[in-house]
Amino acid sequence: MTTSAASQASLPRGRRTARPSGDDRELAILATAENLLEDRPLADISVDDLAKGAGISRPTFYFYFPSKEAVLLTLLDRVVNQADMALQTLAENPADTDRENMWRTGINVFFETFGSHKAVTRAGQAARATSVEVAELWSTFMQKWIAYTAAVIDAERDRGAAPRTLPAHELATALNLMNERTLFASFAGEQPSVPEARVLDTLVHIWVTSIYGENR
C-alpha cells in the first residue's frame, strides 16, 4: 500500500507508515504469481518464490493460501469472472443491432480479457487436467456462456433473422469450444494457430456464417 506525497509529509517525524493490510498481501501474492507465470510454468514456481516476491514470509503465505495451486485457482477465477461480468454488461445493455458487430463485441470480451492475462490463461488450461477445482470452474462458466449463446441464437431465429438449422445449444457448444481452442492457441503462439492480430476476424466470420447460413 502506498501513501501520497501529501499524506507522507503530514506524518509526524519518526512514525512508520502503515503496514500492508491483509488484502494488500493477498494482492501482492497474486501479482507475483502472474508475473512469474509469464516466464515459467506453475510447476517451476515455489511457494518461497511467491512469498519472496510478495515481501512476506513462507508461514505468512500459508495464512492466505493453502498452496500455489490455490493461488492459480484464484487468479483464474478473477479472470473468468471479469469476462463473465463484461459479457453480462453487454447482455443488459445491447448497443448494436448489426448482427456481425453484435457477435464481434461478444467474442471480443474473451479476446480482450483472456488476452490481457495470457500467463494465467495458459497456466489455467494446463491445470485443468490435474485440478478438479480448475476443471469445475472452467466447466461451470463454459456451460453458462454456451447457454447464453444458444439463447441469443434462438432469439435471432424467433425474429426471423437466422434460419433454423442445427439445434441452437449444439451449435453454441461447438462455437464456444472452437473459440476456446483457437484463442488459446493464438495467445500461446502455437503452431498451427491463427495469428493473434487476425483471430478475432476469423472467429467472427465463422460464427456469423454458421448462425445465419442455410443448410446445404
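Cβ coordinates are placed from backbone N, Cα and C, and glycine is handled just like the others.
These numbers come from a predicted model, not from an experiment.
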Swiss-Prot annotation (DNA-binding region) - matching range among 46-65, 66-85, 146-165: 46-65
Sequence-distant neighbours of ASN179 (site 'Inhibitor-binding') in its chain (C-beta under 8 A, six or more apart): ILE107, PHE110, LEU203
Structural state of ASN179 (site 'Inhibitor-binding'), classified by DSSP into three states: helix
